[in-house]
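Heads up: the structure comes next, in structure tokens.
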Amino acid sequence: TMSDLRVSVAVLSGVVLLSGACRRAAARFGVARSFLLKLLADAARLGQWTELGLCFAVTTIHLLTLRGADCNPGGTLEKVFRGTRSVRAASLLIAGQFAAAVAAQQFAASVWSLGLSDLHARHRRFGFRCFDPLGGSVTEAAAAELACAFVFQAALMHVSDLKEQLRVPLVAATVTALVYAGGGTSGAIYNPVLAFSVIFPCGGHTHLEYCFIYWLGPLLGGHMYLLVSHQIPSNLFLPPIFLKTYPILEKYKNEQE
């Protein structure tokens, strides 16, 4: 309902301000806010086009207000593979991302417990539980997450050199299109940390199945694009057995050197 929407938008506005203040003070994690944006789009049942418009709007706000923030372990690992971030720094950052995901769960539950809207009251009555989030089989959901991550990585690479005025709406439009295409199958999350916060507490499947869908799928999808587009850094360390298994990688690295 519109009253639920108004309350949720008010909560999200507060979270945006809180995230910005915390980031300026110490942190670079946007998981708590992303968690609430995802819940708003999925739980309010506002109608497909309203949800998609809301997805575009909040993604745009996210991109404009969290420039340079590392909210996805896939992007963090990519920087390790490219040699622009150390393993130790990446490990600490990913640990911080998962800590923020847990904090997001607690924050959302504390807000819902206030019963500010009928939607929040319903969540409270059900003990903040969620149910089977998949609209297809485990394999279909994993394929959807892989495809979404592949397309999103491709979009990021192709718009990275554009001016912000063009880059932000193009990325937001890509995210919205992926939600439209894959949302009914897996939720189109393609972020392991966000999935850990939003999906893993849900019933219907085991944690191992969720890891297969929401961790392995996106990580493979994002890095598959780097492979097929030959955007492999020359200083990337690959074990000799891996190079022998995939000769194209060895040939490419030799050409770069």
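Cβ coordinates come from backbone N, Cα and C, glycine included.
Keep in mind it's a predicted model, so treat the numbers as computed, not measured.
Under the heading transmembrane segment, TrEMBL lists 48-69 (among others).
Look at TrEMBL and you will find 90-114 (among others) tagged as transmembrane segment.
Remote same-chain residues near the transmembrane segment (168-190) are listed as 38, 41-42, 48, 52, 55-56, 59-60, 63-64, 74, 133-136, 140-142, 144-145, 147-149, 151-152, 155-156, 159, 162, 198-199, 213-214, 217-218, 221-222 (criterion: CB distance under 8 Å, separation of at least six residues from the stretch ends). Among the features that TrEMBL reports, transmembrane segment is placed at 168-190 (among others).
Residues or ranges marked as transmembrane segment in TrEMBL: 210-228 (among others). Beyond its flanks by at least six residues, the transmembrane segment (210-228) meets 73-75, 77-78, 81, 134, 138, 141-150, 152-154, 157, 186, 189-192, 195-196, 199-200, 249 of its own chain at Cβ-Cβ distances under 8 Å.
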